[in-house]
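According to Swiss-Prot, the protein has these features:
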BINDING   42, 44, 114, 117  Zn(2+) 1 binding site
BINDING   67, 69, 72  Zn(2+) 2 binding site
DOMAIN    38-152  domain 'CENP-V/GFA'
């Protein structure tokens, strides 16, 4: 039997204290949907000059999931990000856009971060892709959530949209990011300890919805898009 995941290891602040999905309190509580528009804010202090970047969303955030990939922005010390999507047409930068810069111009998802605090405000796909037209965002950056600026009471409770984190994706990618996958005999587990402990804890939260890619429904969307583009599937008129 694998030992429990060390309390010193953070999956993500929104996940660390969630109960087991098999417990009587079962799944994550379903918070009410945040009022629209949702305002996301970087981690620069309100008193800084020229102040934090602000982004507004006119749609609820969908498909929230824990992502272990090495590209997503994660809170300090966390193994996973929590990320979801909104229509690109409903996202606007309303304050201090000049502080934004692209993390990696060659990446499929153009992630725009704050030059000063490093927080990713949104990720956009410009090239042909099944998810083009959707922007990737971190709902925890909503005002009133842990990442937002204190004293601004909008969107109290954050902007997770659908109200919960649905699944875990790209779990094995945390190893690429520096998580030691093996428990060491001498007890010195460094940054990690045991990837099985991580998977076991994620299954306590998400049940069987723990993947090394995206969820099956989203992978089906990608596969169908590729099939229609290649002509192996009939075009939808």
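Using N, Cα and C of the backbone, Cβ positions are placed for all residues, glycine too.
How buried are these features, and what lies next to them?
Note: residue 114 (Zn(2+) 1 binding site) has non-local neighbours 42, 43, 44, 52, 53, 99, 100, 121, i.e. same-chain residues 6+ apart with C-beta under 8 A of its own C-beta.
DSSP assigns residue 72 (Zn(2+) 2 binding site) to coil in the three-state reduction, placing it in neither a helix nor a strand. Around residue 72 (Zn(2+) 2 binding site), the same-chain residues at least 6 positions away in sequence with a Cβ under 8 Å from its Cβ are 81, 83, 111, 120, 136.
Broken down by DSSP into helix, strand and coil, the domain 'CENP-V/GFA' (38-152) contains 9 helix, 47 strand, 59 coil.
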Determine which residues of this chain, when 67, 69, 72 are set aside, have a Cβ within 8 Å of the centroid of the Zn(2+) 2 site's Cβ atoms, and list them as they appear in the sequence.
68, 70, 71, 74, 80, 81, 83, 169, 170, 173
Fill in the CA-CA distance, residue 117 (Zn(2+) 1 binding site) to residue 69 (Zn(2+) 2 binding site), as an integer in Å.
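About 20 Å separate the Cα atoms of these two residues.
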Per residue, counting other C-beta atoms within 10 angstroms of the C-beta, which of the binding-site residues 67, 69 reaches the highest number?
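That would be 67, with the highest Cβ count within 10 Å.
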